[in-house]
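These notes are about the structure you will find just below.
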Amino acid sequence: MKFSLAISFFILMSLLFEDACAKEKSSKKGKGKKKQYLCPSQQSPEDLARVPPNSTSNILNRLLVSYDPRIRPNFKGIPVDVVVNIFINSFGSIQETTMDYRVNIFLRQKWNDPRLKLPSDFRGSDALTVDPTMYKCLWKPDLFFANEKSANFHDVTQENILLFIFRDGDVLVSMRLSITLSCPLDLTLFPMDTQRCKMQLESFGYTTDDLRFIWQSGDPVQLEKIALPQFDIKKEDIEYGNCTKYYKGTGYYTCVEVIFTLRRQVGFYMMGVYAPTLLIVVLSWLSFWINPDASAARVPLGIFSVLSLASECTTLAAELPKVSYVKALDVWLIACLLFGFASLVEYAVVQVMLNNPKRVEAEKARIAKAEQADGKGGNAAKKNTVNGTGTPVHISTLQVGETRCKKVCTSKSDLRSNDFSIVGSLPRDFELSNYDCYGKPIEVNNGLGKPQAKNKKPPPAKPVIPTAAKRIDLYARALFPFCFLFFNVIYWSIYL
């Protein structure tokens with residue numbers, strides 16, 4: 001019994017909770033929903049009778065009480081001419097990746113509807129400003145943007161629609177729209193390109209027998225002080241045209257278009273792309289002035305240049321659409337990358353020459369021949385070495401050492417005749433003036449009364465660099481800048 005009562009209580013509470021939730025939702029919907037406006041043709045005679053007879057509301061009611069918005073003006077007669085003009089509030093930059101642009105505009109349409117002529121007893125101005133809620137009670141052109149990707153109306157703080165009814169039956173509608181329009185781009189000359197972006201206004205359902213769009217005379221598109229971050233747009237570059245289209249099976253549909261000519265500003269790419277890549281290429285040429293045997297300095301410099309240019313190419317490729325043709329910027333980046341890579345290849349050729357044994361021996365022979373011609377080579381050079389090994393010693397030093405050895409060694413009764421050979425067996429980096437005949441280091445004076453350091457080694461011999469390796473670096477210093485300058489002359493003369 002208690003269990004059944006508990007279940008009944010639980011079911012009752014659930015029903016009460018659901019009913020409360022439903023009431024709360026309905027109240028929220030009622031608050032958020034705007035009050036529905038009924039056109040005069042939809043109102044009852046009692047409601048119309050409550051309106052004062054001499055009021056403007058009564059005049060509008062008299063105009064619209066028998067008005068059918070489903071039927072166009074001049075039905076079965078001449079087509080309705082709709083005069084169109086546009087005021088551009090803002091113009092967004094072109095997006096290269098999506099190939100579109102966004103504009104915020106006031107779209108204005110004006111046409112004549114004889115059914116809306118103001119009565120003769122209407123006193124006041126020649127135009128009657130009407131609340132936007134009445135817009136849905138009128139017939140209106142079925143205009144749409146043919147190249148539109150997305151669009152939206154504005155309703156902050158009220159619907160941004162302006163409606164005028166003139167005494168002669170002319171109707172003027174102005175509405176604020178934000179539209180994203182497609183713009184197919186030709187990026188062959190990017191970033192020195194000029195783009196032509198269209199805005200096409202077309203009738204959706206009425207053929208040219210019923211409706212015609214006409215640009216307003218004068219300046220149908222008003223453009224005031226619009227600055228774009230990457231493009232220049234001028235009022236003089238705006239073109240107007242007719243784009244009436246034929247659709248098989250239905251006929252011709254009226255269409256008008258405006259073409260915006262946008263010239264890209266190159267300053268951003270000059271500072272952000274061209275200048276850095278040019279400096280990287282020039283930086284890669286510094287290796288031509290570094291000693292050919294300094295591979296620890298030249299190789300990292302070349303690799304850094306190539307990697308920096310490759311990274312720049314990858315970054316820009318991610319920001320641009322993937323097109324099948326080569327852009328002007330691609331030509332520049334590829335050329336810079338090739339110049340950086342060529343400087344690295346040039347050092348590889350220098351290394352081949354530097355490590356070629358035949359060329360090294362030939363260079364040694366050339367140096368020896370040159371010294372011999374100057375009187376410093378041949379036998380004289382051989383005599384001034386320890387044991388003919390090539391280690392230089394002064395003649396005076398050799399004589400002093402020999403004299404010392406003779407004095408010391410001849411006083412020994414057990415000295416063998418071949419003990420003087422120790423002089424010839426000394427290490428090649430020993431100076432005889434610093435050692436006795438037994439190879440022991442001694443202190444000698446340097447002529448100023450000060451003892452010289454023991455076991456003083458001569459400076460290391462300079463590596464032999466073949467002339468061919470030096471000549472390659474010499475040619476590269478002139479050839480690379482000249483070729484890059486020639487490329488710049490051709491490049492800028494074509495693309496600028």
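Cβ from N, Cα, C; glycine included.
Of the cysteines listed (C197, C243), Swiss-Prot assigns C243 as the disulfide partner of C255. Judged by Swiss-Prot topology annotation, F268 lies across the membrane from Q372. Here C255 (disulfide bond) is positioned 15 angstrom away from R108 (glycine 1 binding site), judged by their C-alpha atoms. The predicted model assigns the topological domain 'Extracellular' (316-327) a mean pLDDT of 89. Neighbour list (C183 (disulfide bond), Cβ cut-off 8 Å, at least 6 residues apart, same chain): I94, M99, D100, Y101, N147, Q195, C197, K198.
Residue counts for the topological domain 'Extracellular' (316-327) under DSSP, split into helix (H, G, I), strand (E, B) and coil, are 4 helix, 0 strand, 8 coil.
Counting residues 6+ beyond its ends, the topological domain 'Extracellular' (316-327) has Cβ neighbours under 8 Å at 96-97, 99, 185, 187-190, 273, 333 in the same chain.
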